[in-house]
Amino acid sequence: MQSRKDKAEADITTHLKNPYDIVQGLLKDSTTALRLNENVYHLLKQPMRVLEVSIPVRMDDGRIENFTGYRSQHLDILGPTKGGIRFHPDVNADEVKALSIWMSLKSAILNLPFGGGKGGIIVDPDELSERELETLSRTYIEKITPLIGPQKDIPAPDINTSPKVMGWMIDEYDKLRGHNIPGMLTGKPVIIGGSAGRLAATGRGVSITIQEAASVLGMELNGATAALQGFGNVGSMTAEFLHHLGVKITGITNAHGGIYDENGLDIPDIQQFVKKGNVVHTYPDADPLTNEDVFGLPVDIFIPAAVENQITKNTAPAIQAKIVAEAANGPTTPEGDKIMEEKDIFVIPDILCNAGGVTVSYFEWVQNAMNYYWKEDEVNAKLTEKMKEGFQKVLDIRREKQIRMRQAAYTAGIHQITEAFHARGWIEEPYDK
Ligand code: GLU
C-alpha cells in the first residue's frame, strides 16, 4: 500500500507532469522576472477559447464508437491561431491547452503573424482501419468547422497526422463551404496546395538550431555523436539532416524499444526499412536499446523527438550530452530542467527548436493566399533565415540577461505578445516601474 508520504510525492509528480501547469508556471516565472504587469500573466495564462466535440464513427463492424476531440485557441492578437492536430490515446483538454500556448510563443519568437492553436482526438490510430480513420478525420473537421478558417484558426499535422489526413480534412471543409479554400489548413499534399519542403521542415529546423548551438559551443558536428528518442516524422527527418552533416547517430528509440550501434547507425538504410512499413526498433542490423538507456548514451547531442515529460528527475541525471535539442513539444519537466541546468547542458528549448514546422506552414499559407508557389530551394532558404534569426534573438537575450536558453525563449515570445497587447490598447503600461 502507498504510504502517505509516497502518495504526497506522487501527487506532486503528477502535478508537475500536467503540461498546462508546467507552461503556466513558466509563464508566471517569466512575467515576474521581466517585471511585467501581472495583467500580462492573466492574459496569457489560459486559451481564449476551447471546444470539446464528440465524434461518432460507424466502425467497420457496424457499431458506433464515439470519440472525443478538442480544439484550443490561445490568443489571436498577432494573427489567426495556428497549430496542429494530434491523434493519440493520451490527448486531453489540458494537454491541448498547453500545446496551444506553446504555439503562441513559438510563432511570436519567429515573428510569424499567428497566435497559438492546437487540436487533438483521443484515439490510438493503429487500432482503426483506414476507412474508420478517414471518417474520424472528416467528422472532427465538420465538428470544429464553426471555429476554423484561413483568417480564424488554421490546423496542421502533429503526432500521428500526415499529409494524407490533412487531405481528407481539407476536402471535408471545402465540401461544407462549397468551394476551395486552400489556406484553411497547412501540411496538405503538395498537389492540392501544400508547400514544397513542409514535410521535412520541422526536422530541418531542428538541425539548423543544432548547428547554431554547436557553433556557440565550438563543437565540430562532423564526427560528433547523437541519440534520438522518437522516430516519427520529426525524429526521422532530423536524423537524416544530422547524418548529412556527418553526425554519427548511435541510438534511436521509440515507445517499444530501440537500436544502438556505437559506430553510428546506418540512417539511410533505417529510413528505407521504416518506409517499407517496419517499426524502427525491429531493425535487424543493430544492437537492442531500451527507452530508459537512450538518455544515458555517451553522445554529444540528445534529441527528444517524441511526447511530453520524457526528461524528468528520473531520466535527466543520466544525460551525458552537451546539447539537448527539444524536437518534441514539452519533453522536459521542471525537475528535469533543473537537473540539466545544474549540469550546464545547452538546451535548445522546444518553442525555438521545433518551430521550423509552423514556419513552413506560414509559407504555405502565404503561397495559398497569393496562389503562387515557390520552389523547394526557396522555401528552405527562407526557413533557414527565419530559424537563424529566431535562434540569434534568443541567444542575444540569453547573453544580455545571463539567463538560460529556455527563459530567453519565453522572454522573446512574451515580449512580442506583450507589444501586441499594448498596441491593441489592452494594456497601457506593460512594465512595472
Ligand atoms: N504541429 C506542429 C507544431 O507543433 C506544426 C504546427 C503547424 O504547422 O501549424 O509546431
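Cβ atoms are placed via backbone N, Cα and C, with glycine included.
Remember, TrEMBL labels are computer predictions, not curated facts.
Close to Lys118 (active site, proton donor) in the fold, though at least 6 residues off in sequence, lie Arg71, Ser72, Gly83, Gly84, Ile85, Arg86, Val96, Lys97, Leu99, Ser100, Trp102, Met103, Asp158, each with a CB less than 8 Å from its CB. Residues or ranges marked as active site, proton donor by TrEMBL: Lys118.
In sequence order, Met103, Ser107, Leu112, Phe114, Gly115, Gly116, Gly117, Asp153, Ile154, Ala156, Thr186, Val358, Ser361, Tyr362, Trp365 make up the list of same-chain residues 6 or more apart from Lys82 (substrate binding site) whose Cβ falls under 8 Å from its Cβ. In the three-state DSSP scheme, Lys82 (substrate binding site) falls into the strand class. Residues or ranges marked as substrate binding site by TrEMBL: Lys82, Lys106, Ser361.
For Thr202, Asn233, the entry in TrEMBL reads NAD(+) binding site. In the shown protein chains, 23 other C-beta atoms lie within 10 A of the C-beta of Asn233 (NAD(+) binding site).
According to TrEMBL, the site 'Important for catalysis' annotation covers Asp158. When secondary structure is read from DSSP and collapsed to three states, Asp158 (site 'Important for catalysis') falls in the coil class. Asp158 (site 'Important for catalysis') has a Cβ environment of 24 other Cβ atoms inside 10 Å.
When the Cα atoms are compared, Lys106 (substrate binding site) and Thr202 (NAD(+) binding site) turn out to be 12 Å apart. Thr202 (NAD(+) binding site) has a Cβ environment of 28 other Cβ atoms inside 10 Å. In this view, Ser361 (substrate binding site) is surrounded by 28 other Cβ atoms within 10 Å of its Cβ, with every protein chain counted. Between the two most distant C-alpha atoms of the annotated substrate binders (Lys82, Lys106, Ser361) there are 13 Å. DSSP gives Ser361 (substrate binding site) a helix state.
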